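Chemist: Starting off with a structure, shown below.
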Amino acid sequence: MAAVDSDVVSLPRGRFRCCLCDVTTANRPSLDAHLKGRKHRDLVQLRATRKAQGLRSVFVSGFPRDVGSAQLSEYFQTFGPVANIVMDKDKGVFAIVEMGDISAREAVLSQPKHSLGGHTLRVRPREQKEFQSPASKSPKGVDSNSHQLAQALAEAADVGAQMVKLVELRELSEAERQLRTLVVALMQEVFTEFFPGCVVHPFGSSVNSFDVHGCDLDLFLDLGDMEEPQPDPQTPKLPEASSLDSTLASSLDPQVLACTPASLDSLSPTSLQDSEALDFETPSSLAPQTPDSALGSDTVTSPQSLPPVSPLEEDRGEGKHRKELELAEASKDEKEEATAVLELVGSILRGCVPGVYRVQTVPSARRPVVKFCHRPSGLHGDISLSNRLALYNSRFLNLCSEMDSRVRPLVYTLRCWAQHNGLSGGGPLLNNYALTLLVIYFLQTRDPPVLPTVAQLTQRSGEGEQVEVDGWDCSFPKDASRLEPSTNVEPLSSLLAQFFSCVSCWDLSGSLLSLREGQALMVAGGLPSDLWEGLRLGPMNLQDPFDLSHNVAANVTSRVAKRLQSSCGAAASYCRSLQYQQRSSRGRDWGLLPLLQPSSPSSLLSAKLIPLPSAPFPQIITALVSVLREALGCHIEQGTKRRRSEGARSKDSPLGGANKRPRLSGQEKSCEEGKEEPQGCAGDHSENEVEEMVIELRETPQDWALLHCGPPGELPLMTAKCLDKTAEQNPMEPEGAGEGSPGETEKEASHPSSVSWRCALWHQIWQGRRRARRRFQQQTKEEGRGGPSTGAEWLAVEARVTQELKGPKSEQQRLQGEPLLTFVASASQAEQTLTVAPLQDPQGLFPGLHHFLQVFIPQALKNLLK
């Protein structure tokens, strides 16, 4: 038990944390259940196995690279049985030899000298490192120091201070920036030997002021005019081992300086392929990571239309066809030439840059690149030859961060939020560049604006700042001090809440979010041809600030776009709570912490919609509340009613001004107000729509269920009498019956179109539920009673099952401890679906709950509404 106790740490308010499994429990019973569970027992056994292996193992080095595990095994078997040998996969210069028992290991260590094939072996005991369980390892893209991050954020004074602290913890240190500068200088020195006059420009995260630990090093190799005579790449001398080489290699990795060929003659195609085969694993394992640049989209945009031909050639079909063939042939030649140069750059990286490995040319990308890894610095990077536009994208982002100090904290926070919710990354997800542009567009649409539009910046550019790249106007001031500061003084906490609220209701597919104009351009109405040339529309349309033919979110699928808006809606709902606005005096998570909790699996599950039965929406609302509160024992804190028609609102509607939740301080306008559409929501909302309402369930239950069966201020229980009354008030009618009836129109307009509940659970009421229900049914059968025949009887049975799972001291545990998890359940009348999204899930229980609700909710509503 002592070993188990050493893994457990006591937390405030009766909580416990298992450091071995990286799990936090709400109380002692939950801790005992965890310690007896399979996950904890398996990790305890794995730790014991690893410790025993370490005590039987030795570290061996000094043998040649051509020595294999079979030769080592044959040698060490002279001292005793050999259980396993692990070779160094990277360099092949060391091995871990696990002997069959401790006595064999002691025999190896007692030998004063070991030699194999004429080489002296260095043998020493294996270093005993602290066991790190797979559960405690951070998922890809998540900060490995999450606990330190959470502690630092919890100690901040307010949400704004949390956001500033997040920037300090995630940005590059000065030493990391200097290391990147050295790598760029090394690349510059090497490539200058082959391409005199070339310039290596860094762009992307390293220079756009949104850098994070471990971000890629994106480089643009500017070769100048390729048509000018270039020196013969076969004859130049190789760069000598300079101070840059020694700075990067000797201090970080003494074995990084490899022998380089005397000339590129030795870099034959065969040798290059062999080298690549040695450096690479599989192409799939080297999928490009999403950079913070225009390289982020893996999709290929539509090709530009051919230049217009003269009227004379239009009359000559043969001449036109010949012209097209000539252009196609010229384009093919240029592509082949660019590919050849790209391969040459890859060859130089492989053979002439110390410490570079895993070089891969990607000519098929939208912007062809050469990917590489630099062993001494641990950096991953890309080199592109035709991406000058990305330099100005990076400088534009840097200018935006200099214009207003709130830009960086907001971008860092939203990047971290999107990362933890599985919304950003590669493939169909948002890349960091697109997410950053989305934040800048949002800041352009505030009233007053936080940032100016790109068109306004172009007008304020000076004579020396007029730049055109690839036919696109990239003019903007270089010095932010020349620009007038924004008159917007809203705090960071308010801007973050507004972002979530606005994105949740923007029309992402029906409009084009333009940073140049600072407004949403409707897709249906058509745009000027110069804005549409080659633009590929999709479920999410976000225009590049300079290359107006590029949709930076073209790779985003409809599913990801819906999940983005759903997650923003859940986050906006949370930002209205006191838990977000005020620091907790009880030590519970507050402010940014619930938003930044790792929940990628949960967020993926929350995109799966739970279908609702065909019934009047008020009946469904009432039944859902009863299922959540009575059948499952959820503590329901609040509900949200979303947009509805103002003109059709009943005069007797209980939704008066007193029921509106006060707006956040400084949040004067949001996208729900419908005012100044270009400054707020991008969607084409009706003028009669009113702002979002937040109603406390205990204050206005009649508006939720449209029932008056219970006492005032209390949500009525789902009884047969209430169901009958609901059916009388809202009888089921065939689809289309009574269409256009004024009375029905008024009645339907008074109902909420979308309802949300914030729910909390203190017990895992979904685990063992089938077994508990089976026991109850057996007892009922033995007593001679039949099964439930009405919705009320079914509800009573499920409530009893829940109470049995919770235990006799459930109420005391609820008052003393924190909930296991909290989630938001949102019912939509238009889509007739229920969405469940996690808010707080420290133990990762939401996937199990969601799987249970997918089956339980439809069946429960069917039983209640039959």
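Glycine is no exception: its Cβ is also placed from the backbone N, Cα and C atoms.
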Chemist: If I look at Swiss-Prot, which residue among Ser133, Ser741 would I find recorded as phosphoserine?
Modeler: Ser741
Chemist: Measuring Cα to Cα across Asp216, Asp218, Asn393, Arg415, Tyr433, His550, which the record gives as the UTP binders, how far apart are the two most distant ones in Å?
Modeler: 22
Chemist: Please give me the CB contact count at 10 A for Arg415 (UTP binding site), counting all chains in the structure.
Modeler: 22
Chemist: How many neighbouring Cβ atoms, not counting its own, are there within 10 Å of the Cβ of His550 (UTP binding site)?
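Modeler: Its Cβ has 20 other Cβ atoms within 10 Å.
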Chemist: Out of Asp216, Asp218, Asn393, Tyr433, which of the binding-site residues is least crowded by other Cβ atoms within 10 Å?
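Modeler: Looking at the binding-site residues Asp216, Asp218, Asn393, Tyr433, the Cβ with the fewest others within 10 Å is that of Asp216.
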Chemist: Could you tell me how many residues in the domain 'RRM' (56-128) are helical, how many are strand and how many are coil under DSSP?
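Modeler: For the domain 'RRM' (56-128), the helix, strand and coil counts are 17 helix, 27 strand, 29 coil.
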